[in-house]
Amino acid sequence: MLRKIFYKTFRGLIVILSVITLTFFMIHSLPNNLIDDELDETVKSQIIKIYDLDKPISEQYVKYIKKIASGDFGESIKYPNLRVVDVINNNFPTSLDLGLRVLFFSSFFALIFSLISINFKIMDKIFLKISSVLIASPGFVLAGLLQYYAVYIHKGLLGLPKLSIMGYYGRGEKILPVLTLVLFYLPIIFKLLRKKIKEEMNKNYVEFAISKGLSINYIVIKHILKNIAPSLLSSLMPYVISLITGSFIVETLFGVPGIGRYFTTSIIERDYPMIMGLTIFYTIILITLFNIMDILIIIFDKRLKVKDDE
């Protein structure tokens with residue numbers, strides 16, 4: 001187990017270094033480099049001095065690697081004194097909060113709907129059709145429909161809290177961005193979970209449990225979920241990571257002060273240091289989460305643990 005963790009950590013560091021290198025040279029190969037033509041000469045000279053743009057590219061690269069290693073991801077050239085690390089510290093918790101809420105509700109209702117689908121064929125067909133429609137619907141379309149509902153239809157119906165289409169502070173402001181993402185990720189998790197459960201139900205131990213009079217719901221919750229956990233985690237890994245790292249479109253449309261909105265804005269404004277810093281941060285998060293998920297899969301899958309011990 002320790003050997004595998006060490007190997008994955010080493011491989012992750014290589015990937016991170018590769019992304020840093022690729023991002024650095026791609027950004028520095030763009031026309032006008034980090035300097036915007038609209039800036040005055042004083043600001044341009046300051047940027048050149050801060051980022052050592054008057055020095056050889058190899059020297060710039062070495063200094064940049066040292067800064068990253070010390071936790072310095074650079075500063076924005078569009079917003080003076082705004083450090084990338086401050087953006088991460090102040091805004092990533094919001095993206096994480098949004099992602100975890102969506103992951104919880106999506107997983108919970110996916111399990112509920114899967115149990116209903118297994119027991120009722122009519123509901124299974126209905127859920128599958130609705131899931132296909134939702135999966136095919138772009139995130140900005142779902143967000144737009146919910147915003148329209150909040151502004152023109154919702155009037156505090158049934159004592160529900162007032163809905164806000166911008167921000168992420170009060171309870172009413174969190175409902176729409178969370179619901180938008182749940183409507184997208186719930187059908188994905190539902191279809192994956194349903195498929196895994198149905199495949200596992202063909203196993204002999206499930207048929208034996210049914211013959212003993214155990215209910216389907218009990219068998220699924222008590223036995224099947226545990227057995228399908230490794231393959232389910234592996235299939236859901238990209239979606240889980242996407243949720244935890246933030247949703248660019250939803251954060252932008254609903255004004256959620258998350259890190260995803262800053263990433264989108266930095267691309268539009270050509271804020272290259274911000275793009276580089278956030279890209280590297282995302283890479284570190286992705287590699288870390290992938291390694292954690294791999295370790296969880298090994299823990300859940302006894303066959304992998306036995307193979308690793310051998």
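The backbone N, Cα and C atoms fix where each Cβ goes, glycine too.
Straight from TrEMBL, the features:
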- 92-293: domain 'ABC transmembrane type-1' (DOMAIN)
- 12-30: transmembrane segment (TRANSMEM)
- 98-120: transmembrane segment (TRANSMEM)
- 132-154: transmembrane segment (TRANSMEM)
- 174-193: transmembrane segment (TRANSMEM)
- 237-263: transmembrane segment (TRANSMEM)
- 275-300: transmembrane segment (TRANSMEM)
Point to revise | Result, the transmembrane segment (237-263) in contact with the transmembrane segment (98-120) (3+ CB pairs under 8 Å) | key: yes
Check your understanding: Cβ pairs under 8 Å with the transmembrane segment (132-154): which stretch of 12-30, 174-193, 237-263, 275-300 has the most?
Key -> 174-193
Exercise for review: For the transmembrane segment (12-30) and the transmembrane segment (275-300), check the count of CB pairs under 8 Å (sequence separation 6 or more) and say whether it reaches 3 or more.
Suggested key: yes
Review point. Against which stretches of its own chain does the transmembrane segment (174-193) lie, if we need a Cβ under 8 Å and a gap of at least six residues from its ends?
Key: 98, 101-103, 105-107, 109-111, 113-114, 127-128, 130-132, 134-135, 137, 139, 142-143, 146-147, 150, 161, 163-165, 168, 232, 235-236, 239, 243, 247, 250-251, 254, 256
